[in-house]
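Asker: Let me begin by handing over the structure; questions about it come next.
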Amino acid sequence: MDLIKEGYEVLFIWEGQLMDGVENLVMEMKKTAKVQLENLERIEIASYPKSTFDIIFVHVSSVLSLFDDSLKNMLNLVKPKGKIVFNLSQDESFEKRLLLLGYVNASYNENQKYLVAEKPNYEVGSMVKLSFGKKKEISVNKIWKVDLNDDDEMIDDDDLLDEEDKMKPSEESLRVCSTTGKRKACKDCSCGLAEELESEVSTKIVNQIQKSSCGSCYLGDAFRCSSCPYLGMPAFKPNEKVMLPEMMKSDI
């Protein structure tokens, strides 16, 4: 038989008693291949490993003898791309049945008068990665990408801090009230924190006035803002310490 090649592992399944014509066929197969014989009624309890045979021949009297469980076992025993050959006449309903059980390429050979089907080129129950599940890479304009070779000036982080910001705070500025636990004097403060905080506020106000936000207060009223605390006072030298009248201190 042209389906058998030298060195093939062959399983021959028969039904009932092994007739003389079948014995001659098996003897012919054994000349080129290693042949195992198995009765159809015992195929389900046979101890053959999975995917053992290159080809399986099934010799039965009728398609009615082939139950689904037996056909599934045959599919497990044959190797991927291996063939299962049935000595049956053409039967489209049986071919469809084989396809539903996992067989492929089921067809009838007019010349040899047998029906042949194949096992898929993979093991039953195996998994394969599907390509359509792969996410496509979407090209996005790199709007926020920074080009280090451009001519734009980069701001140094250290330039955002002045010398006053970098100064380490003194112990006095970190002192807290023994009662509240915060740098806020209690109602009946007796530890001196209230006086210290009041002095800091006065010093801060005077410093802010001396520095000035516009820098032109010392030139006189003609150069002063409408809210300038120096309004009405004579001009003075830059950075000169100026004492505000008592009546103006209460407004600050």
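One is the number of the first residue shown, and numbering goes on along the chain from there.
Just so it is clear, glycine is given a Cβ too, placed from its N, Cα and C backbone atoms.
Predicted automatically and left uncurated, TrEMBL annotations should be read as such.
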Asker: Check each of the ranges 58-61, 126-129, 142-145, 214-217 against TrEMBL and return the one annotated as motif 'Cx2C motif 1'.
Answerer: 214-217
Asker: Which stretch does TrEMBL mark as motif 'Cx2C motif 2', out of 65-68, 77-80, 225-228, 229-232?
Answerer: 225-228
Asker: Quick one: among the binding-site residues C186, C189, C217, C225, C228, which has the most Cβ atoms sitting within 10 Å of its own Cβ?
Answerer: C217
Asker: Restricting to the motif 'Cx2C motif 2' (225-228), report the mean pLDDT as a whole number.
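Answerer: Taking every residue of the motif 'Cx2C motif 2' (225-228) together, the mean pLDDT is 73.
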Asker: Under DSSP, the region 'Fe-S binding site B' (214-228) has how many residues in helix, strand and coil?
Answerer: 6 helix, 0 strand, 9 coil
Asker: Tell me the Cβ neighbour count for C191 ([2Fe-2S] cluster binding site), meaning other Cβ atoms within 10 Å of its Cβ, over all protein chains shown.
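Answerer: Other Cβ atoms within 10 Å of C191 ([2Fe-2S] cluster binding site): 14.
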Asker: Could you say whether, by DSSP, C186 ([2Fe-2S] cluster binding site) belongs to a helix, a strand or a coil region?
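Answerer: Once the DSSP labels are grouped into three classes, C186 ([2Fe-2S] cluster binding site) ends up as coil.
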